[in-house]
Every structure is written in structure tokens, then in C-alpha cells.
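Report on the structure given below.
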């Protein structure tokens, strides 16, 4: 009677423990959400400027599906503070990546959840989440390429199952149909190369499913014959008709310090997390490892995709910290129980191996031997051979857990030291994240600051320029600038722009790049055809602001030349070097961008010394014939020019026409026809 009562009490205690653990987990997630929200309020508190923070929650769910609740909570806490994601989700920042990363993690969570459960309900939600991602950010192509790679990896490693089919097939069919409904995507969802991998893996998945189905119908011998025939025919066809398509996006690669800035100590925890994912390897943990590998590669191609790397780094770092704390705390617990436990069971063991075994393994060994006794009791007369086998099984079962537990138990000193080191490491991470949130990523991009011996200097030129546009131009006037400043001009000056940060329309951006790369007259004709009244340029040569339009100019040339072939990058380079000094090419020194940035610049110091480039400019004294300067900010960071009216140009041409012949007037008219060349 005592034994059932003790088992009932143990069951009740475990239920209570699980209930308390669930409440504690929910409360911890709530605190992590508050932390994620509050750490992003530095910009509002310091610079007067709300955000959603579901990302730690779904990062917790992804990690929980892969490695349990403890790792999930650790990953959620790390993601709540990671600087890489804070840079795009501070309060007052409305970049679409703030929503897109949440959609990315949510989609991955639903995919892993479907892998583990095989539920068609979660598969449908996964497709809807993918649709949300497509609506949010062009980085949805990362999802539609990463998941097929994981499916292919599962097939190659022999991990195909019906759960894998349910997780992938609805995503491709329903997700592609929904993505085609987004106007900027449309038929690109089935016609562009970045989507081809998903369709190819979709076909392979059905072929594998068909193979497994046929394997169940045929005898092993017939199945081998059929497979040999199909593989022979398939390889012959593939070698002739299926090309390998590879595309690489061109962007600025990150530097090594940027990795330390954005993920900090997580870079050292990631390898340990990868090792933990292989102990043991599951579909979910293999997906996490594959996610990290692809994210590391793409973040090395373009610095913007550090955002994609951050969740993967947080997941694996959370797994590593959770496993490390698990081993260290279990070792401390065992060593303490070894010191204070004077029970006969612990003191009666004389061998070194049995003394190093934990109480958990001893109890489990007892629990394992009891069922064997109850199973053998009904058998009246088992044979000697069966008894011998049962004895060998009973003796061999507890041995393996003892050895495994022995490997996971560390000395007390090492365990305590390891816990302290992990706490210090976490402290450094928290300090770095708070500093990044407060200083590096909370300052508004339109108000710049710098520190020197004289103290703090504030550069408010952007707001000054936008205020001038708002108060001194007509509401219907159009403003041309590089696309980086499109949203700011629209929001703060309330004026129409030709191009903005929505970079889907490459032709419009190429048109502005062509105008900036052209001589003054040709540029005037291009802008006039677009009904532009004002041109805005950003110039940092006076104060040393490096992110100005002169440093971005080669991108304007490349993008413009991609659509209009008469713009050639070598025309702007001297022996392959980009220069704006006396060694600059005539094409460079006469283009519109050079003239608008350096007009009257020599008047500032008498030499025309550019503090960003570090030398004197090449062409110092020149006049503008088709544009007039209407406003320059206090630090010369933003300069605004107005297109001169056409009547001034007509008067000048009439004088030439009177003195010239009819033949020359015919040639001049012929040259005026096409402003794009």
C-alpha cells in the first residue's frame, strides 16, 4: 500500500512542478518582452521622437522546438538585446525590417513546428506567415531558398517522412499563389531565378514520395530494377537540359568589427551551439544549423543581411548557454549531494565507478530493474538460456547511463568557476547592448553629432534644408535627389520626389543617376522632362561627413549605366582610381554632381580642400549656366539648386541663331531631340 501512495505523491509533485515551471516560463517571457521594449526607448527619451516586440517570443518558440524551454528562454533574452536588431527597431524608427525580422522568425517557427507535429493546420499558417513576409520585405527570398535546402538535406540524409512533405508542399503551392498577389512581386514569384530552387526541390520531394510508395508495393528485387532504370534515364536527361543558375547580389560587404558590434560575444558561443545541435541531431536542430550557415554566408556578402544572421546567432548562443548552465549546475548539485548525503546507498558503494554515479542514475537503474521483475513473475518456468539473457540485459542496461553521467559531472571548483565566467560574459553582453541601444543606434539619422576638444557639435543641416523646402517652395514642386533622401524629403518637407527608398523601380533611380552623371546641359534637359523644379545634393567636404553624394557617386554611375549604356564607369576613373582633384577625368570634373557639390566651395578656405577626400579639388572656379543656387545649409551639408527657366536658354539661342547659318541651326535642333543621350 505504501508504494502506490508514494507513486501518487510523486506524480502530484511532478504535476505541480510542471505547472510552476509553466508559470515561471510565461513570467520570464513577459519580462523579456518588457526588456526588449524598454531598451529601445533611448531614442525617444533622448531625442523626442510604438514598436511591437513579438520577436523574442517567436525566437523562444523556434529554439524551444529545437532544444527545449531553457534554451528557448535564453535565446529570447539574447535576441531582446542584440544590437544588430536594435539598429532597425528602436522607437521612432519605422524601417520595414523591424516587421520583416519578426515575420522571418515566425515563418521559421511554424515550419519547425510543422516538422515536429506533421499538422496541416500549422503548414497553412506557415504559408500565411510567408505571405506576410513577402508583403514586408524583399528578403523573403532567403526563406524560399533556405527551406528547400533543408528539405533537400533531409532527403539526402535519409530523413524523409510524411511530416517533411506536409511542412514543405503547402508552403510552395499556397505561399507562391499568395506571393503572386503582392503587386511588386506578381509573376516574379514563378519567373525569376531566386524562386527556381523551391520548385526543383518540390519536384524532387514528390519523386522521393513516389519512390517510397512504389517501394511499398514492389518486392525488393523488382524495386532495385525499377530504380536502376529510372536513375539511368534521369541522369541522361539532367546532364543535357537542367542548367545551374547562380546569382550574387552586389553590395558592400561588412568588416570584422561590424560583426563584433552587432553580435558581440555571441560570435564565441555559436560554435558551442552548433555542437549541441548535433547531440542529438533532429530535423529542427539541423534546420537551425543550416539557417546559421547560410546566414553567415549572406551576411558576408552584404552588411544589410546582418539582420538575418542575428536571430540565428541568438538561437545557437541560447542553446550553448542553456547546455553549459545545465551541465555546470547539475555538477554543483551532484557534488553538494555527494558531500552531505550520508545514506547507506551512497556510502555502501566501494568501487570508484559506482561512487561517481549520480542519485538520479541510481534511481533510474532501480526503476528499470523493477519492471523486469514484474514481467518475469507471471512466467512459471523460464528456461536457463532465457534467464541468462535477462540477467545480461538487466546488468547491461544501467551501465551505460552511469558512464554518461560520469562524463557530465565536473569538479565543484571548475563548475563554480564556469558559472561565474558565464555570468561575467553575459554581463559584458548586456553592457554592450545597452551602450549600442543608447548611443550607437538611438541617434536620429537626420541630426548628426560629433565630439572634439571643443565639446559636442550638433549638425542639424538636414532639418534646416527640409524646413527651407517646406516654407519656400510650392506644394506641387518636384524635388530630385538620390534615393537615400526620398522618404525624408516627402515626410519632412512635404514635397514630391522623383525617387525614394522604395527601390523596386530601378529605371527611375537609373534616370536620376544618369542626370547626376551627365554634363550640366544634358542633366537640365533630363530633369526638365521630369518636371523637376529643385535638385538636392548632400555634401560633406567642409565638415568631413563621409556619407555624402560624392562618395556615393560611383553607384549612381553604375546604376545609370545599367539602363543607359552611354554612361560608362571608366570615363569617371583615372587609371582605375576615383578622384575629384586635379587628376580627375574631364568627364568627372564636368558632370552635374561635381558642379552642384563644389560650386563656390573654394570661397570657404581659398583652396577648396575637401576634408573627406583629403585633397584640394581639381576644378575650383566655374559658373552654373542651367542651375542656380537657392539655399545652402550652415555646414554646407545640404545644397539646393533650382532649374533655370527655359526662356533664359531660348534668348541665348536666338542670338546664336541670328549670327549663325541655317545649317548650324538644323544641327543644333537635331542635337536637342533626345535628352537621354
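Using N, Cα and C of the backbone, Cβ positions are placed for all residues, glycine too.
Per TrEMBL, compositional bias 'Low complexity' is recorded for 343-365.
Among the features that TrEMBL reports, compositional bias 'Basic and acidic residues' is placed at 367-394.
Taken from TrEMBL, the feature compositional bias 'Basic residues' applies to 649-659.
Summarising the annotation, TrEMBL assigns domain 'Oligosaccharyl transferase STT3 N-terminal' to 63-218 (among others).
Residues annotated as domain 'Oligosaccharyl transferase STT3 N-terminal' in TrEMBL: 232-316 (among others).
Assigned with DSSP, the residues of the domain 'STT3/PglB/AglB core' (476-535) fall into helix, strand and coil as follows: 33 helix, 8 strand, 19 coil. Summarising the annotation, TrEMBL assigns domain 'STT3/PglB/AglB core' to 476-535.
According to TrEMBL, the region 'Disordered' annotation covers 343-397 (among others).
Residues or ranges marked as region 'Disordered' by TrEMBL: 649-677 (among others).
What TrEMBL lists as transmembrane segment is 21-42 (among others).
Sequence annotations record features per position, and here TrEMBL assigns transmembrane segment to 68-86 (among others).
Annotated transmembrane segment per TrEMBL: 98-124 (among others), in sequence order.
Listed as Cβ neighbours of the transmembrane segment (130-153) (distance under 8 Å, sequence separation of 6 or more from its ends, same chain) are residues 96-97, 99-100, 103-104, 106-108, 111, 164, 167-168, 171, 175, 178-179, 181-182, 185, 194-195, 197-198, 200-202, 204-205, 286-287, 290-291, 294, 298, 305, 307-308, 504. According to TrEMBL, the feature transmembrane segment maps to 130-153 (among others).
Annotated transmembrane segment per TrEMBL: 165-190 (among others), in sequence order.
Through the fold, the transmembrane segment (196-214) approaches residues 144-145, 147-149, 151-152, 155, 160, 164-165, 168-169, 172, 176, 190, 223, 226-227, 245 of its own chain, all at least 6 residues removed from its boundaries and within a Cβ separation under 8 Å. Under the heading transmembrane segment, TrEMBL lists 196-214 (among others).
Feature annotation from TrEMBL assigns transmembrane segment to 221-239 (among others).
Summarising the annotation, TrEMBL assigns transmembrane segment to 259-279 (among others). Using a Cβ-Cβ cut-off under 8 Å and counting only residues 6 or more beyond its ends in the same chain, the transmembrane segment (259-279) has close neighbours at 66-67, 78, 82-84, 87, 285-286, 288-289, 292, 299, 306, 309-310, 313-321, 323-324, 425, 428-429, 432-433, 436, 440.
Using a cut-off of 8 Å between Cβ atoms, the transmembrane segment (98-124) and the transmembrane segment (286-303) share at least three residue pairs, counting only pairs 6 or more apart in sequence. Note on the domain 'Oligosaccharyl transferase STT3 N-terminal' (63-218): its mean pLDDT in the predicted model is 84.
Sequence-distant contacts of the transmembrane segment (68-86) (same chain, six or more residues past either end, CB-CB distance under 8 Å): 21, 25, 28-29, 32-33, 35-36, 39-40, 53, 55-57, 59-62, 101, 261-264, 266, 306-307, 309-311, 313-315, 317-319, 321-323, 325-326, 429-430, 432-434, 436-437, 440-441.
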